[in-house]
Amino acid sequence: MDSTRRFGKYRVEREVLDEQRLEEITQRKAYSDIHRSLTEQLRDSLRCTLPKLKRGVMSSLPVLYWLPKYSVWDYGMPDLVSGISVGIMHLPQGMAYALLASLPPVFGLYTSLYPALIYFFFGTSRHISIGTFTVLSIMVGSVTERLAPDVDFLIMNGTNITSEVDIAARDSFRVQVAAATTVLGGLIQVLLGVVKFGFVGTYLSEPLVRAYTTAAAAHAVVAQLKYIFGVSPTRFSGPLSLVYTLKDVCSLLPHTHLPTLVVSAVTMALLIAAKELNSFLSPKLPVPIPVELITIVAGTLVSSYAHLNSNYTVSVVGEIPSGLSSPCVPDVRLFGEVIGDAFALAIVGYAISISLGKTFAIKHGYKVDSNQELVALGLSNAVGGFFQCFSVCPSMSRSLIQESTGGKTQMAGVASALIVLVTILKLGTLFQELPKVVWLVTWVSTMLLNLDLGLAASITFALFTVIFRTQMPTYSVLGNVPGTELYVDLETHRQAREIPGVTIFRSSATVYFANADLYLEALKKKRENGTVFVIPTTPRTPDGPSRWEYLKGGAPDSTSLGWMSELQDGDTTTLGSSSEDTLSRDLERVSLGSLGKWTWDIHSIILDLSTANFIDIVAIKMMKNVFQDFSEIDVDIYMAASVVEQLERSEFFSDSITKRHLFASVHDAVLYCLNHRGASSDLMTKCFIVCFISSLT
């Protein structure tokens with residue numbers, strides 16, 4: 001059996017198409033027919049009709065779209081089971097993450113309640129679980145401890161300051177700081193969502209988010225070490241705070257509180273064993289075993305009946321008030337001090353939310369609106385801040401539980417919120433004797449820098465990778481694949497053949513102000529043997545001639561540079577050597593007419609813009625200069641696969657540069673170039689086909 005892979009063949013016969021002829025055939029629409037004016041767009045946006053109002057309300061409140069279609073028979077029981085499972089996880093995570101935020105545990109329960117209810121109305125993801133998350137809790141904790149350190153709340157004893165901290169006053173102010181940060185971060189998210197800034201998540205790539213959240217494990221673990229060993233290390237902030245804290249904890253190890261360490265070790269051993277058992281039995285269980293809840297209940301019972309706090313001075317959670325707190329307006333005077341932290345929380349929270357939302361949406365075949373997710377998350381934070389909640393986003397573990405236990409819609413989020421509500425109203429006081437060492441959290445941000453600096457460094461690096469890829473693209477010389485109209489890199493394809501009289505120079509990126517001046521150096525490196533190119537290095541002035549630089553191609557690894565003054569037709573000049581290893585590139589208009597005729601057969605240059613998705617005004621100006629410069633020495637300029645619309649809007653075309661200089665493809669341009677001026681019989685002469693020739697000036 002013949003295993004050779006065979007392809008069909010096709011043959012196309014058509015005329016060579018320049019842009020003007022192509023537009024005549026395709027009847028290209030005018031720009032005004034495609035794009036409405038700003039006035040028309042503004043008028044249309046302000047026009048209110050009933051269908052438009054309905055669409056606006058539906059997009060702003062997605063619950064109005066899916067709730068009327070909700071099937072209790074199909075979705076009710078899966079959502080209820082999923083909601084109960086997630087609600088059980090909310091209890092230990094809420095109280096634990098409140099400690100990471102340096103807040104009383106009850107505020108973690110509040111944070112697990114209100115934002116989930118807000119997201120129910122405004123969110124577009126069916127599976128993410130809004131509430132406390134390790135990364136954001138650590139970030140909030142860094143803010144609260146910076147603005148409300150223990151040293152600011154030492155108790156005065158007459159004229160003396162004791163080492164005892166007024167915990168009630170400290171916690172009260174920390175709650176105000178966390179609420180102000182959360183409200184401000186939520187307002188930032190809402191504003192970004194309203195102005196359709198959801199695309200910002202594009203720059204928070206999956207590797208960035210994964211690295212940021214994974215490195216955060218170090219912060220979470222170090223933050224719990226004081227509870228595990230029963231020590232009180234010094235608080236550090238800023239860069240290297242993690243290292244300093246770890247060093248201080250190690251220095252305090254001789255003062256470890258043994259009863260606390262025993263409780264910690266036993267709790268962690270039971271958690272790890274139960275987690276492994278849960279993973280082993282998960283295929284046989286309809287829902288996961290609530291290991292965290294069982295550990296909390298067992299730890300609370302042991303602590304209460306063994307009197308760990310009074311007999312062994314093991315630190316416990318303490319008072320958890322029953323009932324809901326009344327809403328209050330955050331202290332706006334704190335906004336100026338926390339705006340940077342609020343912005344960092346807004347961006348990180350959104351990045352985690354949209355990445356999780358898109359993951360589940362792709363898996364289950366629905367779409368999430370990135371801009372509406374910003375609004376939903378922002379409202380969850382802004383409204384939650386008025387109820388003393390701290391910053392929220394989806395939790396990876398809870399979202400996976402919600403999806404794996406059969407959750408279909410955000411009704412599961414409502415069910416989980418009801419579990420938390422019952423706990424706050426009736427069961428909260430039962431957890432007062434729970435030892436703090438029960439919680440060992442994972443995931444937070446940036447090992448050596450502080451969280452806000454780590455975020456800034458990560459985003460800056462991601463942006464620089466985008467900039468560098470466009471500023472330093474890959475350059476290649478192309479050749480024709482025999483028998484086809486395809487052009488590939490001569491260096492990487494052995495069967496590619498250079499067309500007689502034609503050399504194709506291409507860049508992998510578009511041309512704009514940041515990379516335009518790099519093309520000359522790339523062209524110098526990609527030159528062929530025997531090719532001579534003349535570059536203006538100083539503008540011509542009325543009082544003196546221009547100065548030109550000759551690049552004469554030799555062997556691929558050698559370059560001879562020389563300088564020449566103004567040439568007259570027929571002059572013969574001997575080039576002297578120069579020690580210059582870089583070229584001066586002057587962007588001002590320079591005439592090439594003083595060079596007279598070229599002494600080799602270059603008759604056409606074709607600008608291949610197939611890799612360009614935009615061209616800025618700097619590139620267009622340089623292209624105009626190239627057209628005029630080379631026309632003075634009888635070299636025709638053509639362009640292929642160009643961005644016609646942007647050229648039209650920038651008034652690129654004129655009497656001397658028309659659409660007859662544009663071609664639909666490189667092959668069209670090559671055929672026209674060879675047929676119009678004739679192919680040279682000398683295989684060493686070159687017809688330059690240059691990608692983004694604007695860089696040559």
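Every residue, even glycine, has its Cβ placed from backbone N, Cα and C.
Copied over from TrEMBL, here are the features:
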type     : residues : note
DOMAIN   : 492-673  : domain 'STAS'
TRANSMEM : 97-122   : transmembrane segment
TRANSMEM : 177-199  : transmembrane segment
TRANSMEM : 256-274  : transmembrane segment
TRANSMEM : 342-362  : transmembrane segment
TRANSMEM : 414-431  : transmembrane segment
TRANSMEM : 437-468  : transmembrane segment
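Averaged over the domain 'STAS' (492-673), the predicted model has a pLDDT of 59.
By the Cβ criterion (distance under 8 Å, sequence gap of 6 or more), the transmembrane segment (342-362) is not counted as touching the transmembrane segment (97-122), fewer than 3 such pairs being found.
Beyond its flanks by at least six residues, the transmembrane segment (97-122) meets 60-63, 90-91, 129-134, 137-138, 140-141, 144-145, 171, 174-175, 178, 220, 223, 227, 317-318, 320-321, 324-325, 372, 375-377, 379-381, 383-384, 387-390, 392, 410-411, 413-414, 416-417, 420-421, 423-424, 428, 431, 436, 439, 441, 444 of its own chain at Cβ-Cβ distances under 8 Å.
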